[in-house]
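Colleague: Right, I'll just put the structure down here and ask away after.
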Amino acid sequence: MQLDPQKCIRCSPIESSLVERLHSTVADRLRVPWPSGAIKVPASVAFSVALMPCFMLLAAISLTATLITYCLLLPCVVYTVHRHIKDIAVSRDPQLLSKQTRHRSKFYISFLLSSLFWCYFFFMTQVMNHLEINAIESLVLHALCGTSLACLYITRDRSAPRLSPPAAAEVDVIESGNAWRLCDECVKQVPAFASHCRTCNACFLHRDHHCLWLDCCISSSNDRWFVCSVAVGGTALLYAALLALSVVCRPYVLRHSSLLPLPHLCIYVYATWKSGLSTSTACLLLMLFTASWLLLVQQVVCIARGVRLRQWKRSRDTSRLTLAKVMQNCFNFWFRWSSPPVTRRSC
């Protein structure tokens, strides 16, 4: 494979076949040593793992570098990778553009996990070294993190469709078209209130949406675990950010709560490299907290209205809700012990 230097000078486009060969060569050579043999690592996963420490180190230089890195560079890079993944998927299958579906990629979940890992790494190596966080604060933080990760694991573990085919006794109901229907995508008999996800290529019961960052669908089997993971995870991110800022700033402790130190007089946050890394970690934690709680607010609005996210995006119902209706919808969401009967449609 030879590259013409004149094309680089004239900014001539490179042939698509040459780009595909380059991608395949890099993907084949990118491996991780393992006792049983070298394991292939997707380029998107390796890029996401190496991306976050570079940005966190760059943001630790000064306040201006922090703002430029987290408010401009990081969103632009993530959006560029997202567009690149979509363009590759459309080039392989042009029908994806007309179907408005998303191509599955390990970049998003690996980017999320690597962000959490590097935040935890710099928190333990830079923030905890100041020896200003007591054992109770550390225990509360680790309990929140462990609970959030457990909920995330259960969310992904319970994301399988789990739609059993109809029994022989339900043939009459199927023919009447009240409880079951034929999915045009799966070409299978599915419940009437199940919907098809083109990204997962499967039907899910009461599907809410496809979570790009977890690479799974959120449906009636894991939606409560998803809401718990987002709520507890956002709380853990905020608490870790406050602890990190209270180390580099002069903390202000509330009168009735010694476990919640608030940053006060943040003047010398970039005085040393260690304090700069602590501030960079805290800013990234606050950024992740904002994203998680925006997602939580979206879910709370849908729960209060008693609809799924995909239905709310289509209808945009702005009708007023009474307090009794909101309480009933929240109760039905959290305390439904079984799926609704298949004799009627449900949201």
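From the backbone N, Cα and C atoms, a Cβ is placed for every residue, glycine too.
Since this is a predicted model, take the numbers as computed values, not measurements.
Residues or ranges marked as domain 'Palmitoyltransferase DHHC' by TrEMBL: 180-307. Under the heading transmembrane segment, TrEMBL lists 67-85, 106-123, 135-155, 225-253, 284-307.
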Colleague: Do any residues, 6 or more residues outside the transmembrane segment (284-307), come within under 8 Å Cβ-to-Cβ of it, and if so which ones?
Modeller: 56, 59, 70, 115-116, 119, 208, 226-227, 230-231, 233-234, 237-238, 240-241, 244, 315, 317, 321, 325-326, 328-330, 332-333, 347
Colleague: Excluding the flanking five residues on each side, which residues at least 6 beyond the ends of the transmembrane segment (135-155) place their CB within less than 8 Å of a CB in that stretch?
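Modeller: Sequence-remote neighbours of the transmembrane segment (135-155) are 120, 128, 214, 216, 218, 222, 225-226, 228-229, 232-233, 235-236, 239-240, 243, 259, 261.
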Colleague: With DSSP helix as H/G/I and strand as E/B, how many residues of the domain 'Palmitoyltransferase DHHC' (180-307) fall in helix, strand and coil?
Modeller: 59 helix, 28 strand, 41 coil
Colleague: Please work out the mean pLDDT for the residues of the domain 'Palmitoyltransferase DHHC' (180-307).
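Modeller: Per the prediction, mean pLDDT sits at 83 for the domain 'Palmitoyltransferase DHHC' (180-307).
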